[in-house]
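*Asks:* The structure follows.
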């Protein structure tokens, strides 16, 4: 009798998972609308992520008195009356706050504060999506407070208050990407997982691509205009998302809210309506998440340390994410180091996201690990070439940087899907957030590297290339996940891993 219990329990788990997949398999117009509503948050996330390209840029200047200076003069050694900024003095924070002679630490502080906020926010907000708040509520709350901080940053009077607001923007922005990715992938079955991921990338790309246009239209205005034009629509989106976005059915099941999950699954799948009683029976066999009373809301973090294989997998994914993420977010911020037009440079980089999304779509049926490895290595090689190619060969250098960014974006896209597939529902949002935390941790130092790269490009592009290639060694100890259905519990994930071993 005792020997038969595990078998029966195993059959229950397998049956319930099959029922969930059947309930999610039909992806109609209502599912697509939900997908677009959730993914739209990435549009605003992208704009806040790369806002510093324009708001923190070092503006051009000209000699007001040709007898005392030339275009090659050191601005820090000239009298203030002998030169003037091109355009309004409030165009960027450098000109408004008088930071033209400040150290790399001061000029890089605002964006580093942004990534530091992302780093701390990922840790403090991550488990709320797995426990009390859920995916939807945390997404709406994060987007609303991010846009609120972005709107109030216009009241900054110096670089210190500006950096404090950037920290708040980064803090609230930290959980948006994780919530969107997890919420999307948990709303669909295995075969649709990669497709909805592409929608998320498209919305992020759209936000990235529209930023140069907004900046160009406000090129003769204060940097504050950029924040106003991007924060107000984000507030409106937060209200719409709160009213119309639905929660993840998998999360509802893990919280023991079977009836809500049942209503959602039958609304998604027509076949689920016809077989509602069978699905309900299957769903009721899904075990709810066991909360640890000592740690309260942060029980899912404690769960990571209960099994050694989970901790090792999290560390490996974090190292991989640090390498890929540093290049993904660092290269757009370093576009000014190429000596190219900053508006066209960002547009070209943003356009690289489109073929990358196409490439990611066709990689849906390819093995995850070789795909990440190939594009990461290609990116690393191109980054190191950018560090050694002379600025005199500007066209070649820009071309190499675009290839590097395309490869990085493709590796990053596949990596984000891979993160979701590696961990079960009970800790998926927490582990995904921890991995993203590693991504932003590396970017805390990127602004300083980029500032140093203005004098020696090895400190920017060279370091990017070395880091992304080195991080790929962690792929050796990670599993392949192509074609594998998402697991809900640690036990399910462990059994699947043992079967595939």
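Keep in mind that glycine also has a Cβ here, set from the backbone N, Cα and C atoms.
Summarising the annotation, TrEMBL assigns domain 'Major facilitator superfamily (MFS) profile' to 35-482. Feature annotation from TrEMBL assigns transmembrane segment to 113-131, 138-157, 196-214, 226-245, 314-336, 342-364, 371-393, 399-422, 434-452, 458-478.
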*Asks:* For the transmembrane segment (113-131), I need the partner stretch with the highest count of C-beta pairs below 8 angstroms, choosing only from 196-214, 226-245, 342-364, 371-393, 434-452.
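*Replies:* The listed stretch sharing the most Cβ pairs with the transmembrane segment (113-131) is 434-452.
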*Asks:* Would you mind listing the long-range same-chain contacts of the transmembrane segment (138-157), meaning Cβ under 8 Å and 6+ residues beyond its ends?
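*Replies:* Counting only partners 6 or more residues beyond its ends, the transmembrane segment (138-157) has Cβ contacts under 8 Å with 38, 41, 44-45, 48, 93, 125, 128-129, 165-166, 168-169, 172-176, 179-180, 183, 224, 227-228, 230-232, 234-235, 237-238, 241-242, 245.
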*Asks:* With pairs closer than 6 in sequence left out, are the transmembrane segment (314-336) and the transmembrane segment (434-452) joined by 3 or more CB pairs under 8 Å?
*Replies:* yes
*Asks:* Pop the mean pLDDT for the domain 'Major facilitator superfamily (MFS) profile' (35-482) in here, whole number is fine.
*Replies:* 82
